[in-house]
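Inspection log for the structure reproduced underneath, given as structure tokens.
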Amino acid sequence: MKIIFLVLMMILSEVYSDRDGYPVHDGTNCKYSCDIREKWEYCTPLCKRRNAKTGYCYAFACWCIGLPDEVKVYGDDGIFCKSG
């Protein structure tokens with residue numbers, strides 16, 4: 001019985017998992033920069049377009065809360081921004 005419960009919990013944790021992080025521009029691994037004086041105005045809509053729950057400006061970049069696993073975040077492909 002315990003094994004069935006553990007397997008069920010592992011399956012549910014995969015289905016309902018989400019994560020927080022800095023979303024990146026496609027193909028560049030560069031964060032979306034923002035103005036910290038406008039904490040929510042730019043980042044919340046940007047994050048919601050990526051199916052996150054919300055987002056805000058943190059350390060001059062958009063931080064999203066509740067991103068789906070398939071959305072790339074800063075650090076997934078290394079830590080360097082490859083612009084241009």
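Every residue gets a Cβ built from N, Cα and C, even glycine.
Note that the coordinates shown come from a computational prediction; the quantities given were computed from them, not determined experimentally.
For reference, Swiss-Prot has these:
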DISULFID  C30-C81  disulfide bond
DISULFID  C34-C57  disulfide bond
DISULFID  C43-C62  disulfide bond
DISULFID  C47-C64  disulfide bond
DOMAIN    19-82  domain 'LCN-type CS-alpha/beta'
MOD_RES   S83  serine amide
SIGNAL    1-17  signal peptide
*Just checking: which of C30, C81, S83 have a Cα that is within 10 Å of the Cα of C43 (disulfide bond), counting only these recorded positions?*
none
_recorded positions near C57 (disulfide bond) (Cα-Cα within 10 Å), from C30, C64, C81, S83_ = C64
*Over the domain 'LCN-type CS-alpha/beta' (19-82), work out the mean pLDDT and round it to an integer.*
94
_Pairwise CA distance, C81 (disulfide bond) versus C64 (disulfide bond), rounded so that it is a whole Å_ = 18
*Out of these disulfide-bonded residues, C47, C57, which one has the fewest other C-beta atoms within 10 Å of its own C-beta?*
C57
_Looking at the recorded positions listed here (C47, C62, C64, S83), whose Cα lies nearest to that of C34 (disulfide bond)?_
C62
*asked:* Could you give me three numbers for the domain 'LCN-type CS-alpha/beta' (19-82), the DSSP helix, strand and coil residue counts?
replied: 10 helix, 22 strand, 32 coil
*asked:* On a simple 10 Å Cβ count over all chains shown, which one of the disulfide-bonded residues C34, C43, C62, C64, C81 is most densely packed?
replied: C64
_Inter-residue Cα distance where the pair is C62 (disulfide bond) and C30 (disulfide bond), in Å_ = 11
*Output the one of C30, S83 that, of all these recorded positions, has the highest number of other Cβ atoms within 10 Å of its Cβ.*
C30
*asked:* I'm trying to understand the geometry here, so how far is the Cα atom of S83 (serine amide) from the Cα atom of C62 (disulfide bond), in Å to the nearest whole number?
replied: 17
